[in-house]
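Taken from TrEMBL, the feature domain 'Rieske' covers 61-153. Marked as region 'Disordered' by TrEMBL: 129-154. Residues or ranges marked as compositional bias 'Polar residues' by TrEMBL: 144-154.
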Amino acid sequence: MAHLGAVVLHHVRCHPLKGPAVDAPSRRTILTGAAAGLAAVAGCTKYGEPQATPAPAPADTVLGPTADIPVGGGKIFAPQQVVVTQPVQGTFKAFTSICTHQSCPVASVADGTINCDCHGSKYALEDGSVQGGPAPRPLAPKQITVSGGSITLT
(Lines of atoms letter the chains of each structure in order from A; the text may use other names.)
(Lines give C-alpha, C1' and ligand atoms only; values in the text may rest on other atoms or scores of the structure.)
Protein backbone atom coordinates (compact mmCIF):
# COMPACT_ATOMS: atom_id res chain seq x y z
CA MET A 1 0.00 0.00 0.00
CA ALA A 2 1.18 3.50 -0.74
CA HIS A 3 -0.13 6.60 1.01
CA LEU A 4 -0.55 9.71 -1.13
CA GLY A 5 -2.04 12.33 1.07
CA ALA A 6 -5.57 11.27 1.99
CA VAL A 7 -5.81 8.72 -0.86
CA VAL A 8 -4.88 5.11 -0.20
CA LEU A 9 -3.95 3.01 -3.22
CA HIS A 10 -4.11 -0.77 -3.15
CA HIS A 11 -2.20 -2.90 -5.60
CA VAL A 12 -4.84 -5.15 -7.15
CA ARG A 13 -4.42 -7.07 -10.37
CA CYS A 14 -7.51 -6.51 -12.48
CA HIS A 15 -8.68 -7.74 -15.80
CA PRO A 16 -10.44 -4.88 -17.57
CA LEU A 17 -13.64 -6.89 -18.15
CA LYS A 18 -13.62 -9.52 -15.44
CA GLY A 19 -12.71 -7.77 -12.23
CA PRO A 20 -10.01 -8.96 -9.83
CA ALA A 21 -7.87 -11.81 -11.11
CA VAL A 22 -8.11 -15.19 -9.49
CA ASP A 23 -5.20 -17.58 -9.38
CA ALA A 24 -5.25 -19.66 -12.56
CA PRO A 25 -5.61 -23.44 -12.20
CA SER A 26 -2.35 -25.33 -12.19
CA ARG A 27 -1.17 -27.31 -15.18
CA ARG A 28 -1.75 -30.49 -13.16
CA THR A 29 -5.39 -29.52 -12.52
CA ILE A 30 -5.99 -28.87 -16.22
CA LEU A 31 -4.35 -32.14 -17.30
CA THR A 32 -6.24 -34.13 -14.67
CA GLY A 33 -9.54 -32.63 -15.81
CA ALA A 34 -8.74 -33.30 -19.47
CA ALA A 35 -7.82 -36.92 -18.71
CA ALA A 36 -11.06 -37.43 -16.79
CA GLY A 37 -13.07 -35.94 -19.66
CA LEU A 38 -11.37 -38.17 -22.22
CA ALA A 39 -11.96 -41.24 -20.07
CA ALA A 40 -15.65 -40.38 -19.80
CA VAL A 41 -15.97 -39.93 -23.56
CA ALA A 42 -14.02 -43.13 -24.27
CA GLY A 43 -16.40 -45.06 -22.04
CA CYS A 44 -19.30 -43.91 -24.20
CA THR A 45 -17.82 -45.15 -27.46
CA LYS A 46 -16.88 -48.47 -29.05
CA TYR A 47 -14.08 -49.33 -31.40
CA GLY A 48 -15.30 -50.15 -34.90
CA GLU A 49 -18.69 -49.35 -36.28
CA PRO A 50 -21.22 -51.84 -34.99
CA GLN A 51 -24.78 -51.34 -36.09
CA ALA A 52 -27.63 -50.84 -33.68
CA THR A 53 -29.27 -54.19 -33.07
CA PRO A 54 -32.97 -54.76 -32.52
CA ALA A 55 -34.29 -56.87 -29.65
CA PRO A 56 -34.18 -60.63 -30.26
CA ALA A 57 -37.32 -62.33 -31.51
CA PRO A 58 -39.68 -63.98 -29.05
CA ALA A 59 -39.66 -67.77 -28.84
CA ASP A 60 -41.62 -69.87 -31.33
CA THR A 61 -41.14 -67.52 -34.26
CA VAL A 62 -41.56 -69.12 -37.69
CA LEU A 63 -38.49 -68.19 -39.73
CA GLY A 64 -39.50 -69.71 -43.05
CA PRO A 65 -39.33 -72.78 -45.25
CA THR A 66 -36.35 -75.14 -45.24
CA ALA A 67 -36.16 -74.64 -49.03
CA ASP A 68 -34.86 -71.09 -48.37
CA ILE A 69 -31.68 -72.46 -46.74
CA PRO A 70 -29.17 -73.72 -49.34
CA VAL A 71 -27.09 -76.84 -48.66
CA GLY A 72 -23.58 -75.70 -47.71
CA GLY A 73 -24.89 -72.21 -47.01
CA GLY A 74 -27.37 -70.34 -44.89
CA LYS A 75 -29.66 -67.38 -44.47
CA ILE A 76 -29.58 -64.45 -42.05
CA PHE A 77 -32.84 -63.46 -40.35
CA ALA A 78 -31.87 -59.95 -39.23
CA PRO A 79 -35.04 -59.00 -37.30
CA GLN A 80 -34.71 -62.17 -35.20
CA GLN A 81 -30.90 -61.85 -34.84
CA VAL A 82 -30.37 -65.41 -36.03
CA VAL A 83 -28.56 -67.12 -38.89
CA VAL A 84 -29.71 -70.57 -40.02
CA THR A 85 -27.32 -72.86 -41.90
CA GLN A 86 -27.59 -76.21 -43.66
CA PRO A 87 -24.04 -77.60 -43.56
CA VAL A 88 -25.19 -80.91 -45.12
CA GLN A 89 -28.45 -81.96 -46.74
CA GLY A 90 -31.24 -82.08 -44.14
CA THR A 91 -29.17 -80.81 -41.17
CA PHE A 92 -30.10 -77.33 -39.98
CA LYS A 93 -28.20 -75.28 -37.41
CA ALA A 94 -28.94 -71.85 -35.95
CA PHE A 95 -26.69 -69.28 -34.28
CA THR A 96 -26.91 -65.71 -33.11
CA SER A 97 -26.23 -63.33 -35.99
CA ILE A 98 -24.28 -60.92 -33.76
CA CYS A 99 -20.49 -61.11 -34.14
CA THR A 100 -18.60 -61.83 -30.91
CA HIS A 101 -15.86 -59.32 -31.77
CA GLN A 102 -17.59 -55.91 -31.70
CA SER A 103 -21.29 -56.85 -31.80
CA CYS A 104 -21.77 -56.06 -35.49
CA PRO A 105 -24.46 -58.10 -37.25
CA VAL A 106 -23.01 -60.73 -39.57
CA ALA A 107 -23.41 -59.72 -43.20
CA SER A 108 -23.39 -62.88 -45.30
CA VAL A 109 -23.16 -66.63 -45.55
CA ALA A 110 -20.76 -67.43 -48.40
CA ASP A 111 -17.84 -69.68 -49.28
CA GLY A 112 -18.73 -72.10 -46.48
CA THR A 113 -18.64 -69.55 -43.64
CA ILE A 114 -20.79 -67.02 -41.82
CA ASN A 115 -19.09 -63.66 -42.39
CA CYS A 116 -18.92 -60.38 -40.49
CA ASP A 117 -17.84 -57.47 -42.68
CA CYS A 118 -16.97 -55.09 -39.82
CA HIS A 119 -13.55 -56.61 -39.13
CA GLY A 120 -13.44 -59.84 -41.14
CA SER A 121 -14.50 -62.49 -38.62
CA LYS A 122 -15.62 -65.82 -40.11
CA TYR A 123 -17.56 -68.64 -38.45
CA ALA A 124 -18.17 -72.31 -39.37
CA LEU A 125 -21.58 -73.34 -40.71
CA GLU A 126 -21.54 -76.56 -38.64
CA ASP A 127 -20.95 -75.21 -35.15
CA GLY A 128 -20.40 -71.43 -35.28
CA SER A 129 -16.72 -71.83 -34.35
CA VAL A 130 -14.29 -69.06 -35.28
CA GLN A 131 -12.61 -69.74 -38.63
CA GLY A 132 -10.84 -66.40 -39.06
CA GLY A 133 -10.61 -62.78 -38.00
CA PRO A 134 -10.51 -61.17 -34.57
CA ALA A 135 -13.62 -62.81 -33.07
CA PRO A 136 -12.75 -64.14 -29.59
CA ARG A 137 -15.60 -66.69 -29.28
CA PRO A 138 -17.88 -68.78 -31.49
CA LEU A 139 -21.40 -67.65 -32.33
CA ALA A 140 -23.84 -68.77 -29.64
CA PRO A 141 -26.21 -71.53 -30.79
CA LYS A 142 -29.94 -70.85 -31.04
CA GLN A 143 -32.67 -73.46 -30.70
CA ILE A 144 -34.77 -74.23 -33.76
CA THR A 145 -37.21 -76.93 -34.76
CA VAL A 146 -37.80 -78.21 -38.27
CA SER A 147 -41.26 -79.58 -38.95
CA GLY A 148 -43.27 -79.97 -42.14
CA GLY A 149 -40.64 -78.13 -44.18
CA SER A 150 -40.73 -75.09 -41.87
CA ILE A 151 -38.07 -73.72 -39.50
CA THR A 152 -39.19 -72.27 -36.16
CA LEU A 153 -37.03 -70.39 -33.66
CA THR A 154 -37.87 -71.87 -30.23
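From the backbone N, Cα and C atoms, a Cβ is placed for every residue, glycine too.
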**Prompt:** For the domain 'Rieske' (61-153), what's the model's average pLDDT?
**Reply:** 98
**Fill in**
Secondary structure split (DSSP) over the domain 'Rieske' (61-153) reads 6 helix, 46 strand, 41 coil
